[in-house]
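Visitor: Pulled these from TrEMBL:
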ACT_SITE  Cys345  active site, proton donor
DOMAIN    25-372  domain 'Orn/DAP/Arg decarboxylase 2 C-terminal'
DOMAIN    32-274  domain 'Orn/DAP/Arg decarboxylase 2 N-terminal'
MOD_RES   Lys54  N6-(pyridoxal phosphate)lysine
Amino acid sequence: MNPLPLTAPAAALAETLTGDGLPAYIYDLTALDAHAREIRDALPPHVELYYAAKANPEPPVLRALAPYVTGYEVASGGELAHVREAVPERPLAFGGPGKTETELRRALELGVERFHVESEHELRLLSSLADRPVDVLLRVNLPLTDEALGGAALAMGGRPSPFGLDPDRVERCLPLFTPDGPLRLRGIHAHLASGLDAPDQTAVAAGIADWTRELSDRHGLDLTEVNVGGGMGVDYLRPDTRFDWKAYGEGLAGVADRNPGLTLRIEPGRALTAYCGWYVTEVLDLKHSRGEAFAVLRGGTHHLRTPAAKAHDHPFQVLPAADWDRDWPRPTASGEPVTLVGQLCTPKDVLARGVPVAELRAGDRIAFAMAGAYAWNISHHDFLMHPKPGFHYLGG
Ligand SMILES: *Cc1c(COP(=O)(O)O)cnc(C)c1O
């Protein structure tokens, strides 16, 4: 496995962290800046880029992305207040299922620019609360078949789902947009899949845009916006590969050409921030059990739940530590597969299973890569009451 090594500044910082300074999250905001710039440059200028804050809402991360994104997608009242404070004045799109009345009121007060509405009930609730004009995108659970996707070997959306509206239910919502009511239907939102490559993502975007234009034409709606969601692929087993943003940008340019008058918007999370973070820790113990090697790390899945959530072996790099000042032999694994576990008293606390290492010893450090998205913020921090990791933001 290619580990996606620490950047030079992150490696230099990792060198200085020892003992209770570990585990630590290290974010390289300079690397994030370069990555976000590359993505923005690959997209046609008129395609809007929103960042889905749920991937990583740390304020320095939100601020580092600010030069490159049009706005932010938030999916709760908590994210809404948090993102408004971290990056004031930036457009927000408020999505997510189960919005409460309190959240909707707050979103109206805070002047949220776009509401992604998930159901007819939510639309009626929003309408009853709105005391100002409100721009709405209806979220649709579109069935996109192989045929609609131009032969791509995919079929997505269209299955029973708690997210969004079935297409026929979209039509039933249309009468709720009345000329003298507060709601204005601006367009359609869909977030149908994750982990797709650029050609498949392009096909999905094309399918959503075509459907939106047809809906608009059929009902004379003058829809002007389509948000085709996030989900751009991030491959944890091949950390050195990246989603092909150039190809996707070219694909979106084609979709935009075929749909004049429709503003295209995307809202990736993971593919923007996954690569800029590392979770660095140390090997507390290295033991053999019935022929298998286990490295017990300081920390665990209560800090980095990603491998448990995705059921994968998380990519890591060994940072050897030369010093061993105990007067007994150093626990070591050599040229054999090692399972990396955390400090939690549960067999589920596994970060990587049976991964071959040249050498791993107690006291060596481990840097887990691709820990910049869906990592710390999806983890169950308080389970077993171990200390929280340190947080370090480099550059930016
Ligand atoms: C989670 C989510 C995203 C971001 O998905 P990624 O896989 O992180 O790109 C975008 N839009 C919606 C509606 C989401 O729920």
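Using the three backbone atoms N, Cα and C, a Cβ is placed for every residue, glycine included.
So that I understand the layout, could you describe where these features sit and how close they are to other parts?
Guide: Cys345 (active site, proton donor) falls within neither a helix nor a strand when secondary structure is assigned with DSSP, and so counts as coil.
Summarising the environment of Lys54 (N6-(pyridoxal phosphate)lysine), the number of other Cβ atoms within 10 Å of its Cβ, over all protein chains shown, is 20.
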Visitor: Do me a favour and check the Cα-Cα span between Cys345 (active site, proton donor) and Lys54 (N6-(pyridoxal phosphate)lysine); whole Å is fine.
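Guide: Lys54 (N6-(pyridoxal phosphate)lysine) has its Cα 28 Å from the Cα of Cys345 (active site, proton donor).
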Visitor: Validating a neighbour-count step here. Other CB atoms within 10 A of the CB of Cys345 (active site, proton donor): how many?
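Guide: The Cβ of Cys345 (active site, proton donor) has 8 Cβ neighbours within 10 Å.
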